[in-house]
Structures are given as structure tokens and as C-alpha cells.
Amino acid sequence: MYVVNRKGEEEPVSFDQILSRITKLSYGLHPLVDPARVTQAVINGLYSGIKTSELDELASQTCAYMAATHNDFSKLAARISTSNLHKNTSSDIGDVASQLYNFKDNQGCPAPLISKPVYDFIMENRERINSKIDFSKDFEYDYFAFKTLERSYLLKIDNKVVERPQHLLMRVSCGIHCGDIEAALETYELLSQKYFTHATPTLFNSGTPRPQMSSCFLLRIPEDSINGIFDTLTKCANISKTAGGLGVAVSNIRGTGSYIRGTNGRSNGLIPMLRVYNDTARYIDQGGGKRKGAIAIYLEPWHVDVVEFIEIRKNHGKEEMRCRDLFPALWVPDLFMERVEKDQDWTLMCPDECRGLQDVWGDDFKKLYEEYEKQGRGRKTMKAQKLWFLILQAQIETGTPFICYKDAANSKSNQKNLGTIVSSNLCTEIIEYTSTDEVAVCNLASIGLPKFVDKNNKTFDFDKLKEVTKVITRNLNKLIDVGYYSLKECKKSNLRHRPLGIGIQGLADCFMMLRMPYESEGAKKLNKQIFEVIYYAALDASCELAEKYGPYETYSGSPASKGILQFDMWGVTPDSGLCDWDLLKDRISKHGIRNSLLISPMPTASTSQILGNNESFEPFTSNIYHRRVLSGEFFVVNPHLLNDLLELGLWDDRLKQNIIANNGSIQNILTIPEDIRELYKTVWEIKQKTVIDMAADRGPYVCQSQSLNIHMENANFAKLSSMHFYGWKKGLKTGIYYLRTQSATRPIQFTVDQQLLKSETKEKDSLETNKRQALEPEAQKLIACPLRPTNMKDDEECMMCSG
């Protein structure tokens, strides 16, 4: 048997050579990672004539599939792939920049992949940049992170990767701080150490000829006309092609059967229009297949087409009424929630016949809405609860619609001086003002919280958190000035209001590293402290920028200009002692702030996997599972749990099979100590009241909003209704992003070794009984809610499809 080396020469397969290569890459890994075992597994998969680069890929995949034994196999898999990448790429940033800048397309025309200013900046500082890049950090990613980077983030020429991960981070840093080498190197150092990451569009596009680095865009259709609808559609397409996610407000579009003055005809309503937007979302992908375009559509629940709207993602019904590539979202006024709670009537209206409802909130909305009701302008009157239960049914089946609370969003916004905010964004964490000539924009970054934990002393470094947050604030503010805008309306909005979106990832990891169960008082306290410090540091940096460059254009009249910060709007007084709020308020009163908005904990699906953290502020969904993304499917084990079980001498194949059989839960495995079981509860075992409480606790320091998912086993109307009302009464701006559900009935698990589990069947049955008894009163623990549907049993099974 032979292999073909990179020179095209045939060589006999050598066990010792493969073993030597794998051994060199196994430094610092757990003893369970046995290079000889890995080598033998690789040898077993060889065929004669395999190329050495293919041999590396085979070795890497072999290790990846062994990651269920220990996560260090995933690290070894990544190291093999990284080593292979390093063999095929230059280490010199100047060489890489030259390849990218001098690229020509298939017709021989110049098609540079990085901009001339960035290329010139890199070449001017080539020697210094090369001296600062640490390629050993490329070997710190796990396999899942590396394959994600390789598939979507590292720049390619003719489908061949030419960047290394450290080159990517340096390109991003130079793209942001072109002309300022000190700031670029500061950013690179923090990015490479995984203290934070910029959002996916920034990683995609920073340093390129068209550096569209913003993540979120909010639009309203300017007028209910062919021109208004299709001009907005064109804007959506142009934004989506450069990796932007969209939120579009459509509450001003006339409903089904409405009179059309220009043609003397009748409108087909909202859904046929949305199908055109749906097809656009399907057609546009974000930069050559990196990820699909995505659009959330926001509608207020008084709209006459609301019933059809909330069902657009259902799997059944008339196909012409379905838009499964859009994400329906409701922009809910308090008046609707009040009428649902009191079981009162609710009137559906057409915005063409009842004008202005979208543009008012609070008492003004209530006054106008009730005036239209008195005048008999409504199209249809129904029980508010009937519509409510249709919403709940759609959520149970599809995970949507998202729900944001219009009055909370407007009353607690630092942009309230601009006008009424009419929607959120794709992921419900951005809440910004839009108008007919402004498309709201936001640039995002997320902080890798586990980097601030000292595991030995069980402490959290708040001083370092302040330092990193201030760097992020300066970076995001710089993005506003150096970014590319595909629309003049985007540029106008971003330059006038200068909003930022700083989020987090790995909060659940922090709790585990500090030995704090997610529901513990310690976790609740740390959650508040982290967000207070982030908000303080971001405001501090923004004030420093305002001192240098002046406040943002529309600062005058904003709550901040009157000394009112986010926690003041919640009626909360910070009491951690970690921040000098009086001093900061005094400075803001003198200099203002450079950015209208600052904090918005967003989903971090891709970037958290690159950094190796759990998503956002979410609890772990499982302790052992497969993860599927564009780059493939990978086995993931909770690394914190695995380390604890190894230290206790409990980790073996039988325990692994037992955890798989329990769907990633360890609550029913009595061989694991109780304190460990408490620490590693999954999101399905954590009271969602706690999740909502923690969202409300951080709310006073979140000046935009937060992507709040709700997870529920055996979802029914009573439990779901209780959670919605609990969150609304806690003052949340975002009531729910996705509803994630699962049934108590599990599919047959063909991958589980049943023989290993037979001896534990009795123990499991007993514990399952105890678990059911403990979970049954969950709804009562949340909030006493009198609502009951008349057409569906409370215990009807969940029918959720993918969200």
C-alpha cells in the first residue's frame, strides 16, 4: 500500500511516520487521547494511492468521530487539519495579502478580495504585523470551530483556502483600524485570545473592497403601493446579499378585500405580497452560499390579516398561504395583552381604513384604537383570547411567531425622542427607529465570558471585562464610519444615531466553571453584575468618544441627554458597587455619548462555536448531542461535565450510552453525585421562570433587547400562556424569540447499546416517575393564569416542526 506525497511521488505507507506526526500534535491533551490508537484507526481506513493531504483529512475525521470519548480528540482533529492548512498556505501576511489583492476572475479581470487601502496598510506594516501574529493559536480551535472557519470564514481563491485563522483575525483588525496600527494590533490580540469576536458579517467582509460589516437591518415599507412594496423588496435583496439579517414592518399594508383607489379593485391582502418576499429570501444567499438570506416580518395583532399571518410557516393548509422561508413576528401593544387577560373583545382593522395605529404607542395607541372601535371602522370583532390561542397554537407547531412588546420597546428606548419604533430585527434583540428615509442598522460583537473566569480561585475578572468592553465599543463605533452601505438610507440612519450591539456568549459556561447551578442565587447575582459592568463600560467608552468627537447627531432630547439611563427607565437602582454611576452620569451630562444604543445580547450560533462557548446567555440544551451546520455534523460532549466525570472516575462507555439514552440529561443517573447533577441541568430541566427572571434582571442594563428563547417539554396552552404573561408583566421588550419544544415521547435510539443499559432500567423507571411528579406543577410555579382554550386540551401533544 502506498501514499502519494505533495510532490506527486509514491511512498510506502508507514505506521511510524503517521504515529510520529499524530504524536507531535498531541501535546497537552488528555491521556485518553492515545496516538497509537488513533494511528491504527487511520491505517484501517487507508486505501492504496491516497494523497497525503487526503490522509490528513482522514486522520482528522477519524479523531473527530472519537470525540465522544473525550473532547481532546476534537482538538487533535483540528490540529491535524490546521497543520495541513499551514502546509498549503503562506505564513507571511504580505504574501497572503498579495494573493488576495491580485486575484483575477475566470475572465482574467482584476477582482481583488481585499481593498487597496487595507492592502497598502498591511504591506506598509508587514514586518511588524508578521512579528505579532501567533500561529500557535490556530491550534487552539476544536474540530467543529476549524471546519466552521474553513467552510464559511477563511477567504478562498478558486475554492482553495488561502487564509489561516490568524490571518482572518488580522484582516478583520486591519479592516476596522486601517491607518492605526496600534488599534489594529490591540484588536487582533484580544480576538486571537478569544476575549471577544466580531459578528459574522464583520468576519466575512472586513478588509474587503465592499466591507459591509453590519449584522442587522430594520425597514418599514414607506407606503402601501406597488412602488413602496417593491422598492422595499429591492432593498431587502441588496442588504441580504451582503450578509445582513432583516426585520420588516408591514402593519401599514392594507388587508384582504381593501379597496384600491388607483384601479378600482380589491386587495389580495398581506400573504400574497409576503410570498414575493419569501421567494426573494430563498433566492438570495449571503456571499456565495455562506448562509441563506433571512427576513423577519413584523405585524401588529390588530391587522385584519393577522390570523393568516401567524400561520405562514405551518406545514398544512393552503400552499398559496404559506411563506416558510420568512419568520413571522408580532409587535404587540399592551392593550391586546390586557384584553386577553380580561377575556374581552378584540377588533381587527385594516390600516388603510384605520390609519396611524402603527405610529403611536402607549396611551396614544389606546386612544386612537378605541376611537376607531367606537366609530365602527373595524373589519371583524373576535374574542382576544381566541386570537391568543391561535398564536399559541402556531408557536407550538412552528416555534413562531416571535413576540415583542411594542410599549415596553418604545417606553424604554433611548431613541424614543426620534419617533415610534415599529419593529425589531431578525433575531428580536435590536430595537431601533426607522422611517421612510432611514433603514436602521446595527453592528454587533459578543464577549467570550469564560475568558474572564479564574477557575482556580473561582472568581470573575470584572476589571478585564470593562477593559475589553471599551475596546469593543470603540471598534463598533469605528465600523460605522468605515463600513460599506448598500443603501443611502442605511448610511443616513447609522451616521445619525450610531447604535451598537454588544452581546455575550458562554454565560452558562461561566456558571459551570464557577460551580454555580444555573438556578442558583450566585448565578442570578453574577448575571446582573456582568451586564451592569458591560453597560457601564460601554457608556464610559461612548462618553469618551463623545468628548473627542461630539455626541451623536440626534442626542439632544434623548433620555440620556436628560440624565435618564436604561436602568432608570426600569425603575432600578444599581447596587453591586462595581461601577461609579454618579460619576459617569456627571460626565455624560457634560459630554454626551457617541452612540444612541449599546447593549443587545444576540444569538451567537456560529461565533460561539468558533470560540468554543455555549450560545449567548442560554443554558446548555443537552450534555451530549450532534451539532449540524453548513460545514457538517459533529459530536459534542459538554466539556465541563466530561472533565468532572473523569476526575470522579465515572466516565466510561456505559455512562456515555446512559447519557445518550437519557437524551443528554444526567438527572436520572444516580451514580453521578447530586451536586454534579444539579450543576449540569439542561435547559429542559431548568424552570423557564428562572430564564425569564434572569432576562428581566439583566434588562435594566440592556438598552436594546435580547434574543430570548423559551424551551418547553410537552408545551400546552396553559404553560405557554403563563410564560408569556409572566414575561410581559416583568417588563421584557422581547417576550419570545423561538419557542423550542420537545415531546415526552422519544424516538427509538438505534445508536444506543441497550445491553449496557438493561441493569439500570429499574432505577431509571423510578427516577422518571419522580421527575414527572416534580415537573407537573411547572405552570403553577410561573404565574396563576386563568386562560384555557375552548378547542384544545391542555395536554395535547406538541406538533412543532423545525424552527
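Heads up, the Cβ atoms here are built off N, Cα and C, so glycines get one too.
Just so it is clear, the model here is predicted, and its values are computed rather than measured.
The active site, cysteine radical intermediate annotation in Swiss-Prot covers C427. C427 (active site, cysteine radical intermediate): 27 other CB atoms within 10 A of its CB, across all protein chains.
In the three-state DSSP scheme, F15 (ATP binding site) is classed as helix. Summarising the annotation, Swiss-Prot assigns ATP binding site to N5, R6, E11, P12, V13, S14, F15, D16, Q17, T52, D56 and lists similarity to another entry as the type of evidence.
What Swiss-Prot lists as GDP binding site is S215, N425, E429, T604, A605, S606, T607, and the listing cites similarity to another entry. The secondary structure of S215 (GDP binding site), as reduced to three states from DSSP, is coil rather than helix or strand. Around S215 (GDP binding site), taking its Cβ as the centre, 26 other Cβ atoms fall within 10 Å, counting all chains.
Under the three-state DSSP scheme, G262 (dTTP binding site) falls in the coil class. The feature dTTP binding site is assigned by Swiss-Prot to D224, S225, I226, K241, R254, R261, G262, with similarity to another entry given as support.
Every protein chain considered, the tally of other Cβ atoms within 10 Å of the Cβ of C216 (disulfide bond) stands at 28. Residues annotated as disulfide bond in Swiss-Prot, with similarity to another entry given as evidence: C216-C442.
For the domain 'ATP-cone' (1-91), the mean pLDDT of the prediction comes to 91. What Swiss-Prot records for 1-91 is domain 'ATP-cone', and it gives sequence analysis as the kind of evidence.
The site 'Important for hydrogen atom transfer' annotation in Swiss-Prot covers C216 (among others).
Annotation source Swiss-Prot lists site 'Important for hydrogen atom transfer' at C442 (among others). Around C442 (disulfide bond), a 10 Å sphere centred on its CB holds 29 further CB atoms from the protein chains shown.
In sequence order, F402, C427, T428, P603, S707, L708, N709 make up the list of same-chain residues 6 or more apart from Y737 (site 'Important for electron transfer') whose Cβ falls under 8 Å from its Cβ. In this structure, Y737 (site 'Important for electron transfer') belongs to neither helix nor strand by DSSP; it is coil. Look at Swiss-Prot and you will find Y737 (among others) tagged as site 'Important for electron transfer', backed by similarity to another entry.
Marked as site 'Important for electron transfer' by Swiss-Prot on the basis of similarity to another entry: Y738 (among others).
For C798 (among others), the entry in Swiss-Prot reads site 'Interacts with thioredoxin/glutaredoxin'.
Marked as site 'Interacts with thioredoxin/glutaredoxin' by Swiss-Prot: C801 (among others).
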Lowest local Cβ density among V13, I226, A605, which the record lists as binding-site residues, within 10 Å: I226
Alpha-carbon spacing, T607 (GDP binding site) to Y738 (site 'Important for electron transfer'), which is rounded to whole Å: 19
Neighbour-count leader, CB within 10 A, binding-site residues: N5, T604, S606: T604
Residue from C216, D224, C442, T604, Y738 whose C-alpha is spatially nearest that of D56 (ATP binding site), among the recorded positions: T604
Using Cα positions only, nearest of the recorded positions to Q17 (ATP binding site) (K241, N425, C442, A605): A605
Max pairwise CA distance, angstrom, over record-listed GDP binders S215, N425, E429, T604, A605, S606, T607: 19
N425 (GDP binding site): secondary structure state under DSSP, collapsed to three categories: coil
